[in-house]
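Note sheet for the following structure.
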Amino acid sequence: MRREEHNISGLPPFILTGLPGLETSQHWLFLLLGILYTISIVGNALILFIIKEEQSLHQPMYYFLSLLSGNDLGVSFSTLPTVLAVFCFHLREISFNSCMSQMFFIHLFSFMESGILLAMSFDRYVAICNPLRYSTVLTDARVVWMGMCVFLRSFCMIFPLPFLLKRLPFCKANVLSHAYCLHADLIRLPCGDTSINNIFGLSIVISTFGLDSALILLSYVLILRSVLAIASQEERLKTLNTCVSHLCAVLIFYVPKISVSMFARYGRHVPHYVHTLLSLIYLFVPPMLNPVIYSIKTKEIRRKLSKILLGTKF
């Protein structure tokens, strides 16, 4: 029997999945994910609002934080439509073009988050190692330029992916492993040669996540060296405390990302639900925890947030 190659006659739809083995608990799972979505969307929106309204927060450090919060909103809204469809309405089919669009935005915001965290580490490096030059190095114009560079780099890296997938024939059962479209999931489905896709995918991961994480590590090595040169232990702790929020944001982004990559490559005998759970953690936890961490660790944001929640006048 001749195999049907969908790309010749038309682009194939894909079938999304929830958590295997938990089909009877999908509504409870959606309730949990709904709570995570609510915390993420409301928390990041509040961070953006507070930074906009509070004049004392109009500084480079908080401009970068607003970029991070805006990016986290993008991550949440990228996955929300299909997660809602799968877990609440049991609508599992997604068209090829819709899947490509979702994949593009999920990976775009993921790559941008890595770049924003790198920019924030540079901010901490300048603030601690060259405090007298901080205001001249990180001007408003330079912050905007860095933000544009992060966006353009991520866009240029991700833009070819949908077209590289679209050229391939799909002749297998197009069932995805998640409730949203990811490149690592989609690349398993074509029946044609995917070597170009694999090489390109690996190269952009190394040149973004790999390079960014190495530069963030280098910045903290230099920061630690500068901090250890401070005579007063109290001043050392005070200086390091300004980096705690950013370090937490880096860890909750990169640790799940590395775990997902390692399990995808070496965890073939691990139950499928483990891969799905790790992917959910990778996409849901950072947008949820980032506003919580910065609200707890940043006095100005914490004070403003308390006033908003208590309904007092400013």
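Cβ coordinates are placed from backbone N, Cα and C, and glycine is handled just like the others.
Unlike curated entries, TrEMBL annotations are predicted automatically.
Some features that TrEMBL has for this protein:
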TRANSMEM  28-51  transmembrane segment
DOMAIN    43-294  domain 'G-protein coupled receptors family 1 profile'
TRANSMEM  63-92  transmembrane segment
TRANSMEM  104-122  transmembrane segment
TRANSMEM  143-165  transmembrane segment
TRANSMEM  199-223  transmembrane segment
TRANSMEM  244-264  transmembrane segment
TRANSMEM  276-296  transmembrane segment
Inset, instruction - Could you tell me what the rest of the chain brings near the transmembrane segment (143-165), counting residues at least six beyond its ends with Cβ under 8 Å? - result: 60, 63-64, 67, 100-101, 103-104, 107-108, 111-112, 115-116, 118-119, 122, 183, 186-187, 190, 196-197, 200-201, 204, 207-208
Inset, instruction - Quick one: average pLDDT across the domain 'G-protein coupled receptors family 1 profile' (43-294), no decimals. - result: 89
Inset, instruction - May I ask you to check whether the transmembrane segment (276-296) and the transmembrane segment (63-92) make contact, with contact taken as at least three Cβ pairs under 8 Å and only pairs 6 or more apart in sequence counted? - result: yes
Legend entry - Other parts of the chain folded back onto the transmembrane segment (63-92), taken as Cβ under 8 Å at six or more residues beyond its ends: 15-18, 26-27, 29-30, 33, 37, 40-41, 44-45, 47-48, 51-52, 102, 105-106, 108-110, 112-113, 116-117, 119-120, 123, 140, 143, 147, 150, 179-181, 249, 283-284, 286-287, 290-291, 294
Legend entry - For the transmembrane segment (199-223), distant same-chain residues with Cβ under 8 A (at least six beyond the ends): 111, 114-115, 117-118, 121-122, 124-125, 128-129, 153-154, 157-158, 160-161, 164, 183-184, 187, 243, 247, 250, 254, 257, 261
